[in-house]
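Q: Below you'll find the structure I mean.
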């Protein structure tokens, strides 16, 4: 027999011990233990590949869109970018409901197959004689639809881990997701060496270039992922104490299995946690969006400098997030998940408060009415368009500084670089802390009940936040400037902290609430 607390790799939150050293003294067979953690690790990989699927082409979408369809404008670019989150928002509850009643292999394999097919479609969007931009829109939407399997992944991991294992497993899941977002653009940069022309396989009309090679790699990795799931993934479900539960997802029954405990889920806590998770994703999405135009307006950076420096900053925040995810495993054991969530929101508030403009020094004004390097008033697509513009497109970088079209440039003090970097570091600490604690607590609130639909709604709320965040910040920043924009963000965070304080005592595990386990 193997104790659930033996291996620190699987349960880094637990002290080293032997069988019987755990609070509930629950043991399981060595075979079941290994199979359970192999399955969880396969889903870590699936989460990583899902994140790579989003980020591996994000820097090349705009130039590729311009190349295949001259009628595409910045407005349509916004729809292409948003289609991923829209697809994921629609698919998450569907796949979650599916996973509640059928083996989790089914929605996982189908969702990954959709992503593979969508990546192949993306590689062929240049072939049709017209309407190429709509094929790209469909391709990115389907990739997002396939990424709806995040709900299945989280529900599986939540159901296959005990309370003591849960925080560590969720932190590992978030770390894999963050790592995917970091490495995706790195892969894209490597493929840039192939160039725009690349090579063409005339027989099947396949062009392999800097735009299509990343998605073809994604399709290949997706096929490998499907094979690994078919061979290695097994259905496992345990209760909050770590005992194997009987469930429709199980392929075979065992005499050691226990029935899922009865009791009502605290729906107030469920709704509150969805709101908290929405705010977490909302504030980070708007921060990601505003980084480039803010630095170009405040520090008179050129497009080339902004893409380089902001890329370094965001990559550093990604590395910081992975470190925070790992540190949370130990910290949560000492002070608990709720305290970390509250502390994370406070740190985020401090980060945005520091970002408020102070002093009497004003940004350089962009007097020339040539190129607006900031966010225009028109469309969501133009918010991020500067990220794709290359100096090769316009050998003259044009004027730099805060454009005169934004009236606030004349009376809003500049945000010092040290001020901005300090804020970025604090947000980089608070965001991953709130992120992983939100759905760790969420999974514990739901308890041993089937979590597919619940995780589907949580993922959908996060997708909605990633759509609305950039739109919110673009309108406020352009019209009113950073002082009003970041003040309102601070206000939103304060209201969220108040909500958390109100429901703080309700954010407890299902088994604790029903008196089966002491907190």
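Including glycine, each Cβ sits where the backbone N, Cα and C put it.
Annotations for this protein, taken from TrEMBL, read as follows:
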DOMAIN    39-508  domain 'Major facilitator superfamily (MFS) profile'
TRANSMEM  42-64  transmembrane segment
TRANSMEM  76-96  transmembrane segment
TRANSMEM  108-125  transmembrane segment
TRANSMEM  137-157  transmembrane segment
TRANSMEM  178-195  transmembrane segment
TRANSMEM  215-233  transmembrane segment
TRANSMEM  268-287  transmembrane segment
TRANSMEM  307-328  transmembrane segment
TRANSMEM  340-359  transmembrane segment
TRANSMEM  420-442  transmembrane segment
TRANSMEM  454-478  transmembrane segment
TRANSMEM  484-504  transmembrane segment
Q: State the residues, same chain only, that lie 6 or more residues beyond the ends of the transmembrane segment (484-504) and have a CB under 8 A from a CB inside it; answer 'none' if no residue qualifies.
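A: Here the qualifying positions are 268-269, 272, 275-276, 279, 282-283, 286, 290, 338, 341-342, 345-346, 348-349, 352-353, 355-356, 473, 476-477.
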Q: Below 8 Å between Cβ atoms, which of the listed ranges 76-96, 137-157, 178-195, 454-478 makes the most pairs with the transmembrane segment (42-64)?
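A: Most contacts with the transmembrane segment (42-64): 178-195.
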Q: Are there residues at least 6 beyond the ends of the transmembrane segment (420-442) whose Cβ is under 8 Å from a Cβ of it, and what are they?
A: 154, 166-167, 170-171, 173-174, 178, 270, 273-274, 276-277, 280-281, 283-284, 287, 291, 294-295, 298, 313, 316-317, 320-321, 324-325, 328, 332, 337-338, 340-341, 343-348, 350-352, 354-355, 454-455, 458, 507
Q: With a Cβ cut-off under 8 Å, give me the same-chain residues at least six positions beyond the ends of the transmembrane segment (178-195) that come close to it.
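A: Sequence-remote neighbours of the transmembrane segment (178-195) are 47-60, 208-210, 213-214, 217, 311, 315, 318-319, 321-322, 325, 432.
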Q: For the transmembrane segment (268-287), I need the partner stretch with the highest count of C-beta pairs below 8 angstroms, choosing only from 108-125, 137-157, 307-328, 340-359, 454-478.
A: 454-478
Q: Sequence-remote contacts (6 or more beyond its ends) of the transmembrane segment (137-157), Cβ cut-off under 8 Å?
A: 39-40, 43, 46-47, 50, 53-54, 61, 76, 79-81, 83-88, 90-96, 98-100, 104, 107-108, 111-119, 121-122, 125, 169-170, 173, 439, 443, 450-452, 454-456, 458-460, 463
Q: Give the nonlocal contacts of the transmembrane segment (108-125) in its own chain as ranges (CB under 8 Å, at least six residues past its ends).
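A: Distant contacts of the transmembrane segment (108-125): 46, 50, 53, 57, 68, 91, 95, 132, 135-136, 138-143, 145-149, 152-153, 205-207, 212, 215-216, 218-219, 222-223, 225-226, 229-230, 233.
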Q: Could you tell me the mean pLDDT the prediction assigns to the domain 'Major facilitator superfamily (MFS) profile' (39-508)?
A: 81
